[in-house]
Amino acid sequence: MLQWRTGGEVALVRLLKASCKEGALRKGKSVHAVAAKLAYDRFLCVGNALINVYVRCGNLDSARKVFEEIPERDVLSWTSLVAGCAQGDHHRCLTSISIFRQMVSHGFRPNPFTFASVLKACGKIRDPSAGKSVHGLIVVSGCVPDVVLMNSILAMYGNCGCFDEAQNVFNRMLERDVISWNKIIDAHVQNGDMKGALEFFHRSPFCDVVSWNTIISGYMHNGDDRTAVTVLYDMKRMGVDFNEFTLCISLVLAAKLAILDLGEQVHCQLFRKLGGDYDWYIGNSLIDMYCKCGKLDVALLVFETNFGAASWSSLVSAYTQNGRSEDAVNLFRRMLDEGVPVDNFTLAAVAIACAESGILEQAKQIHAQIVKYAHTSDSVIESSMINMYSKCGSIDDARLLFNKTKEHGLVSWTSMILGCAFHGLAREAIQLFEKMLKEGVRPNEISFLGVLSACCHAGLLNEGCHYFKLMREDCSILPKIEHFTCMVDLLGRLGQLEVAEEFILENAIGQADAVWKALLSACSTHKNVLVGERALGRLFELEPCDDGSYVILSNMWSTSRKWENAAD
């Protein structure tokens, strides 16, 4: 004990510094207990060391408690707490700014690190007013900011969206380092000014991996993924080493654009760097990339070593999208067996898979699982189950599920309308569509496709024309080929073949083979060889190798006793 009494506070500070380096909160607390027992925790040097340990270990409440209990404080005490809180969430950043203001009001002179820390807090919560106040205090305090502090000011303005101020700070900087250039590039990217960002990128004498990542991320944020890939390949050609962030955004791009070659190259680099021991984010990104590129077997291999809820969901969805409904359902059952938590995304995906299989008994089993693990009032889940029952041949179950829900979103209405149309219940589909309109739900292009399909199958020409006009004129929805094809099919079913042909030509959709095939099929039904020959002529221009169209016309010639043409 004599050792503690003679210079014991110095020994405690050394122990606390060692704890800080190790990031060992338990060890720090043990030293704190000894210090409190011997009353050394009231020494300023010990108090500051304790604050520093708790800040480094992320225990800000304990740091604040020590700060409030020490009888005297210095700049280091205040700065440690300001810096620690600036590392936290929105609430902690507000606390950091508040403590900084208390520090100034108590007459303490902030040092450059204090200023940099509170500027970081201002930037994180996007509070330009507080940031400008701190900047003003730096100016009036006589503090001569070095490049590190200037970078903090620059970053604060950029994060707060004050791009003109950020530009002015950058222009006034006497010394600039790689961080300065990267911050101004990032400020332009955040402002959506990719042209300005590229200008500074090309001017920068310090372009590093962060600079390249910022430009690539900027293009991705602006929805220009193809240019982002081009820059990524330029980066590789320039010999810039990819860091982990580059590899992650590369996987995202490879998945979004289905560029398997890029994804495989990134996978190889990750394997060299990490040896196949990926964290959950990288593992899930790899699985998603291989799924989007259609390589489900490779995705499964990665999945086997990177279990996680997101991994399971990605693979279930991928199996569904690639027509492997049985694999999707089996994987879902494996999830349940292994106790993996399921989310609504997974449940919706497995419902779609079950719909594709068309097995009603399986649909009811999946429904039971969905009721157990999710809220059927969720619009995505509800619509997926309606679609599932409809495609499995049970429109009654779909209707029962729909009627149980008091409020419906657009997706649920649309699923039920499509289901009725699919089962030939045209009048019910129309009634649902009208009820949806009365409840103020605005239809989309898929809703209109459902009601037009219903009109088509039932031969309801007046109703079909009404809804087609409603879509174009009242709802300002541009019809797609599927809508035009429905109208051609409707006219064709009613024998109005010349009107259907004129409809195609008037709407300038003659380059779409689907409308001509619909017309040709109607000509075959009504044995109209003349219009059929014209339709085949257009199809010959679009698809000269399509034998199916020739077979249809040949049958028409045969039934019309044009034996010579049929033989040709």
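Placed from the backbone N, Cα and C atoms, the Cβ positions cover glycine too.
A TrEMBL annotation is a machine prediction, not a hand-curated record.
The repeat 'PPR' annotation in TrEMBL covers 74-110, 111-145, 146-180, 208-242, 308-342, 409-443.
For the repeat 'PPR' (308-342), the model's pLDDT averages out at 81.
Across the repeat 'PPR' (74-110), DSSP assigns 28 helix, 0 strand, 9 coil. Proximity of distant same-chain residues to the repeat 'PPR' (74-110), defined by a Cβ-Cβ separation under 8 Å and at least 6 residues beyond the stretch ends, is recorded for 44, 47-48, 51-52, 54-55, 58, 60, 63-64, 67, 117-118, 120-122, 124-125, 127, 130, 134, 137, 141, 143. With DSSP states grouped into helix (H, G, I), strand (E, B) and coil, the repeat 'PPR' (111-145) comes out at 26 helix, 0 strand, 9 coil. Mapped onto DSSP helix, strand and coil, the repeat 'PPR' (409-443) counts 26 helix, 0 strand, 9 coil.
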